Amino acid sequence: MAVSLPTKYPLRPITNIPKSHRPSLLRVRVTCSVTTTKPQPNREKLLVEQRTVNLPLSNDQSLQSTKPRPNREKLVVEQRLASPPLSNDPTLKSTWTHRLWVAAGCTTLFVSLAKSVIGGFDSHLCLEPALAGYAGYILADLGSGVYHWAIDNYGDESTPVVGTQIEAFQGHHKWPWTITRRQFANNLHALAQVITFTVLPLDLAFNDPVFHGFVCTFAFCILFSQQFHAWAHGTKSKLPPLVVALQDMGLLVSRRQHAEHHRAPYNNNYCIVSGAWNNVLDESKVFEALEMVFYFQLGVRPRSWSEPNSDWIEETEISNNQA
């Protein structure tokens, strides 16, 4: 008697496919850099971002496992350009336009100082202009911190008026050592323009010595804040002894204090004149409160809330010199 084929060899659903045979793509974050002996102004970096992608499986229930499956990940490659300035980069050099703007800013400061000193002697006022100057010094440090926090956390290079400064400060987080390579006028000319257009009308409109005591000191600290910032990135052996002494006394922001700003989570020590306000602002969480207000009122998240990415992670000067 013949046995039918289906009866002798019954068909069964496949239920024991090993997990290793199931399709799964793994995607990780990889940073690759290529160095050569020739200068390359536009070095490309390969950035790989990690994302979770659910791959579709067959609807056949016989192919489904009752055990929970781990998230499958996919490899996606995103290419970006990264070009840290070289030590001899022309963008770090001062031009005559830069020097003229710094000279104009310093001239407006000198006029304001002269009006304060001469007006104080003529009015027999010495203490009041001095106290006003001290107030200007203290508030300049606060102002530098608020502005630094704002451009670190909000806006981008397309932001009107301050877009270039936002882009520059983001680059500064990635290559902080470049500020020590900038020439004096190159580092100060942008602030010198602001000071010139702000202080010049005040010089022409007011003669009060107390008022100018505040204006000249506040404007001086704002104009030279970027130089104080550069000194905070310098090494002690290469700084003028007077600068080191002022840093040690707390009159200028110290190297150790500002170094904390360039460490994760990158959300503290924003003030760059004397740094006197840093502890007050950080311990009272003023900036965190402002960030919450902006988020709930405007729906805007600050950059400090995100995990540090390649735009925040510092690259050393050594890797730049090898490129």
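Placed from the backbone N, Cα and C atoms, the Cβ positions cover glycine too.
Annotated range for motif 'Histidine box-1' in Swiss-Prot, selecting from 38-41, 42-45, 70-73, 170-173: 170-173. Residues of the same chain lying 6 or more positions beyond the ends of the transmembrane segment (101-121) and with a Cβ under 8 Å from any Cβ of it are 128-129, 132-133, 184-185, 188-189, 191-193, 195-196, 199-200, 202-203, 206-210, 212-213, 215-216, 219-220, 223.
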